[in-house]
Every structure is written in structure tokens, then in C-alpha cells.
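Before any comments, here is the structure.
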């Protein structure tokens, strides 16, 4: 790890005799990163526009707002309002169930994989190994295993469970690692159990972010279902796959999504105002802690009850779903026997496509990070008038409600597939980063903002001197995870954009050529392993 240590020293140098040398290398690295960004930007055709097709975009948007209610070709004598409701109700059921179970599992796995909470290193290493092993596997591996072994909504629920469990485990682990463990160990030494101390000193302290992560994962999974139709998973994704060339029939589907995600945003806002409002009481107040604890118990009870009520219908259907463990292990064995016979063709070379995904994800991350840091300045109520904050939050909520697949279809009218996909990935990354950065800003005590206001400092100064240093650890974690997520999104989005490894997966899966799917995914799997190792190393050295 000497190479990583040297890089870290260059970027985060300390005062010393060789400060000028390190400063030189620091700016040289920045220059290289900027040059690489420009190169990738040009190479990926980000700005290749077909002006003649802008008229088609105008016509598509016009037809979209007509809200066509009937499609006699695909749904004879059936209203699209009712068809959408049927698909949405089933989607909500398996998403809520899978998300809730994945959320519960992720809390426990994050707890048992956080080193500072335990003294048994071997148990921690075992849990970490399982999580990391599952994380580095490309999503297509799990989709192939599940779709070939579990039918219908059972398979869809398992996929959502896997998404939620694996990704929230990483976010929660980062959150717990950045949380002080002093009170945690003090309670344990006083005779309390680890789980009780974990709940009272870690969960309760981080309850705003944890509850936020639950709803954000729920919202993210709902949006994910819009693209799962491309790989044959049931739900509203089927409608997006069916109407990928007839966007005028998607207006009702988008409206349903808008209402659903808007409802989630309102719920998060209510929880933030009601559950986490301290009313300017002292943070160590026993009364405040008791009030917040009761509120949290009520919230958890409501979440559990709502989950059961929504999921009860779909759980009954599990009894009729087909389960074929023979196909599961057969598919797994085939994945362990990769076929590299197509690697001599550049269009089927997994290594070349992995390099292209890295370039695309890097550009998208830089664009989204710049936009997110700029936009988040206007989101916080602690830095702006509530009207300004409300307007920008409303716009962000609207952007978050737009399915990525729909954004791609619109952009693809006047951009080529690669450019449209790249801007869609940047758009998706921007939405997620902005939300997380905004919530990190809101976690800063308002008295610090009031101090800067008294000093008559402007927003830019406050943002630079107060906000960025305060959220630095969270921001680095978000950037690391977002780059990996963008790479994974690029991998998966190719399944409906006709570009990259995702497109190759569709081609090979139609031929049931699991061995060749395994071969093209090996390079990107190795890349995910490297991401994980680098991330672990940097987290350890940041603490």
C-alpha cells in the first residue's frame, strides 16, 4: 500500500521541509485529472447533438402531456390508468417488503462489520468478507441466479432485498465508523449488552440519517424497478420496456411515480420536522432524549405495521411461486466456467468495455459533484430563507421523480446512445449526491450558522469555512460510494441503452450463454474488488 500512502501524502500534505515539493506534485495530479476529464468528455461524445431531431423531442413532449388512456394494441378494452395501477400495486408490495428486510439486515451486518464496536477481529473479518464478496459481484450475476431459480414477485422481492441489504450495509458502516464509540463502550463497561448500547448510543444518535437512508433506499428501489423490465423482472419496468419507442403512453406511469415519490418526500419532511426537531433544547437534556426515543419507537412501529399491511398480499403469493434450486446451482456452476472465446473481438472484450465504463463514470462523477456542491448551497434552511430552500427542494424533488430510463429516452432523441446514457448517469448521480450533501448540512447545529450571520459572512464564505470542513468525512465517503455506484449503473443501464457490458449481457442471456456472460464480467468484478480495497484503506487512514 506504499503507492496509496504516497498519493495520500501528496493530496493531504503536512507542513515540513518538503512542502513546496508536495505542493508541486499535488497540483500536477490535479492537472492530470482535469486533462483526463477533458479527454473522456470528448471521447464519450458528450456534446454530439443532432439538431434536426429537436423537432421530434418537441412532438414527443407534446404527445406525452396528452395522457393517452388507451392502447388497443397491447391492452384491448382496458384503461391504462387501471393497467398502471395493477403494475404499481404489485411493484410497491415487493419493493416495500424487500426494502424493509434488506434495511433490517443491513443494520446488523453494518454493526458486526464495524471494527470499533468489537474486539473479536475474526468475526468482523468474516462478516466483512461476506459483504464485500456480495458487493463486488456485478448485479447481472445475482439477477441471473434469481431469475433462473425464483419466479414472479418472489424473485423480484429477493432482488430488491439484495440491492437494499448490500448497499445500505456500506452506507451504514461508513456512518458508524465516523461516529464516536466512547459512550458505546462506557455503557458496555457498566454492564449493558452490546446491542442495547449500540441502539442507545449509535442508532439514536444517528437516527435522522438512518431513517433518511431507509426512505432514500425505498425511493431508489422504486426507481430501479423502472429499468428492471429490461432484464425481465416484473413490475412497472415492464411498461417502460414496452413503450420505449412510444413515450406518449408513459405519461400515466410517470404521474403515478410522481405521486408516489412526492409522498415519500413529504413523509421524510414530516419525520425531519417532527422526529428530529430539538426545539433548541440542550442536546444532553434527559427530557429531550426521552421524547426522541418515544418518537423513534412510534416511527419504527408504524414502519413495521405499514410494511406488514402492504406486504401481506404478496407474501401469500409466495406459496404459488416456483422455486428451482437445481437451476440456481446449475447457473452458479456455469458462472464458474467462463468462456473467453469472444475476447478476440473488440466489441465483445470485457476488459475494453470496463475501461470505457471507468472513463464514463469518472466524467459523470465530476459533473455531478460540481453541480451537487453548488446546488446544495441553496437547499439548506439554515443558510437560506425558507422560501428559497422550499423552491430548490421542490425542483430537486421533481427531478428525483423522473425515472432515469425516461430521461434517457428523451435525451436519446437528439443525442447518440453513449452521450444520452452519460448525461443520464450524471443526472442520476447529481440527484443522489445533492440529497446526501443537503442532509449532512442540515445535521450541523444551527448556532454555528447564526454565528457566521452575526459576523455578516456571505453564503460562499460560510460554505467554505463551516460546511465543507464539517461534512468532509461524509463527503469523501459519498464520493467513493457514488463513483462505484455510477460504474454499476453504467454496467446495468447498458441493458436498455444498447451500449456496453449491459448490452452484451442481453445478447448472451437471450442465447442462454452464461459462460460468456461470466467472462465479460470478470474484469469489472476485479475493478470492484480494487475499489473496495482502496476504499477500506482510505477509510482506515482517515480516522
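Note: Cβ is positioned from N, Cα and C throughout, glycine not excepted.
Note on TrEMBL: of 176-195, 196-215, 276-295, 296-315, the range annotated with the feature transmembrane segment is 296-315. TrEMBL assigns the feature transmembrane segment to residues 149-168, out of the candidate ranges 149-168, 329-348.
Range with TrEMBL annotation transmembrane segment, chosen from 249-275, 384-410, is 249-275. For the transmembrane segment (249-275), the residues of the chain that approach it from at least six positions outside its boundaries are 64-69, 71, 80-81, 84-85, 88, 92, 207-208, 211-212, 215, 218-219, 222-223, 226, 236, 239-240, 243, 292, 295-296, 299, 397-398, 400-403, 406, 442, judged by C-beta separation under 8 angstroms. Distant neighbours of the transmembrane segment (123-143): 109, 112-115, 159, 162-163, 166, 169-170, 231, 233, 335, 488, 491-492, 501-502, 505, 517, 521, 524-525, 528-529, 532; these residues of the same chain sit at least 6 beyond its ends, with a Cβ under 8 Å from one of its Cβ atoms. Recorded stretches compared: 27-50, 91-111, 296-315, 357-378, 520-538; the one with the most Cβ pairs under 8 Å to the transmembrane segment (222-243) is 91-111.
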